[in-house]
């Protein structure tokens, strides 16, 4: 399928289900469109869990049936609550809904932001070696692509079923939120290439979610104090400005932190939906589904959404209730409790891995002043090459001043908390403060670039707000102090707004190559060259290669053979699995195949027929284990391929076939 067709299909698959179910649940159409993506992911997360428990494959047919079920449930719900009327969204409510001209402006701004992100990233991807089929060397890319391939092949998409892929021998349970992968797997049949699907889906999913998220936050910041029109203007401007921040999402694509980035972006969108439940409790079920969608993609997003909602309640909702304080709080709590009940298995799974996750650290400086400066300037080792974007930060300062002037300040403690957390991730504070902060940021692996990603969204929302409210203030001054008719002032405002969007597009084009290099960086064949790919193709054509396991070295990138060729390696990720005794035996003694009964038994039990070794390793300090460096001496193995780098061996007949892991 052509790139445009695949991208359009991805957008439709991500937006339409949530939009229709949200609309059927009594959300206005334009509101349902804003919250459509997390609602879609929520339906995917719930469905894959249920299908996994029932032993039913996840594919386009079962996904369609699930959508119909959700749509019918939404219809029944809308019939039950059709007589309820929401409390007006804010004060002063000049109208219950934004003017459609303002809505169109918001849509235009968000579309510009999404277009910039999509254009920059896809353009850079096409320029990379291999184009749309270029292979990223990033740590997580191989795993994410293999998860998509695994789901597309087996139909196993429950977050409880990923242990089969990671822990090939033991099948030890691994709770891994994979709604992003499950939805991406539905795209594979359209192109028949997991790699192309992975590359396009990575870009499209973030191009959709990031501008909408930043726009949603800007809307909430302004709407708490002003009428819908300036709030919509701020949402559109913020959505467009978001595409100019290197961390949104170019750096995240570079490091392939994709589910985390998508979930983190949607967090602000979902928080806006949850907050709206205080004035319209009818939205509680659909907000709970959206919150489930966050956690089903990555748990970090759910934590951000809960944190944003809590800060809003303590700093704004508590003092200016929509109905009464107890009823507003009850509505917010109801969303969390409903989602929490659905997410109980995930909560347990995340807690079981919390000790491992919290152990990650990624300090980048040894100077306290530098850590504060980097956090305030949105800098880290990945975004530092772009320098400090002073114009964008200046707009953010303007937005902050204006918001404080109109007494919208609940964002301030949120921003401060994120800056402090980023500073701690860059260089830990003294105990016990660092321990507390690391506990709170453990779902981000305590990584500065992941926390900066969230901080950048707040700053982008402030920047868009600053630009929009400056224009709105100018329009208000013209109307108040000159004889200019209101329609003419509105026309001038619209022209100025469109001009600002055009300037953003032009500005993005001036450093599109710079941003694009970030999103398409590290695709130069550092691990996998054309010779490696030829070795995979050769291996895929060998007898029984698709029906048996292939022993490989996890650090060498050979796990890509699953996503690229549909083969089944023992190691599908760079991260070491919960290996069983047979895997450990082969790792330490494969060069004794043919004369060591224990090694021969391990080959039979794992049903290994082929072995591939292809240095170099991912990290420079890593070396090929001794047992895999001299396989020519193993009497039970026969070398069948050697291109000077990749070497493939076949297990001799009678040693490595018919084991428990036959496919």
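Even glycines carry a Cβ here, placed using N, Cα and C.
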Check: With the ranges 176-197, 198-219, 352-373 to choose from, which does TrEMBL describe as transmembrane segment?
Finding: 198-219
Check: Short question: which residues 6 or more past the ends of the transmembrane segment (329-348) have a Cβ under 8 Å from it?
Finding: 46, 49, 159-160, 175, 177, 274-275, 277-278, 281, 284-285, 287-289, 291-292, 295-296, 299, 302, 306, 309, 313, 317
Note to self: With pairs fewer than 6 apart in sequence excluded, do the transmembrane segment (32-51) and the transmembrane segment (284-317) have three or more C-beta pairs that lie under 8 Å?
What the structure shows: yes
Check: Of the listed stretches (63-80, 100-122, 198-219, 451-474), which one yields the highest count of Cβ-Cβ distances below 8 Å with the transmembrane segment (486-508)?
Finding: 100-122
Next item on the list: Six or more residues out from either end of the transmembrane segment (32-51), which same-chain residues have a Cβ under 8 Å from its Cβ atoms?
Entry: 13-23, 25, 57-58, 62-63, 66-67, 70, 157-160, 177-180, 182-183, 208-209, 212, 216, 266, 269-270, 272-273, 286, 288-297, 342, 345
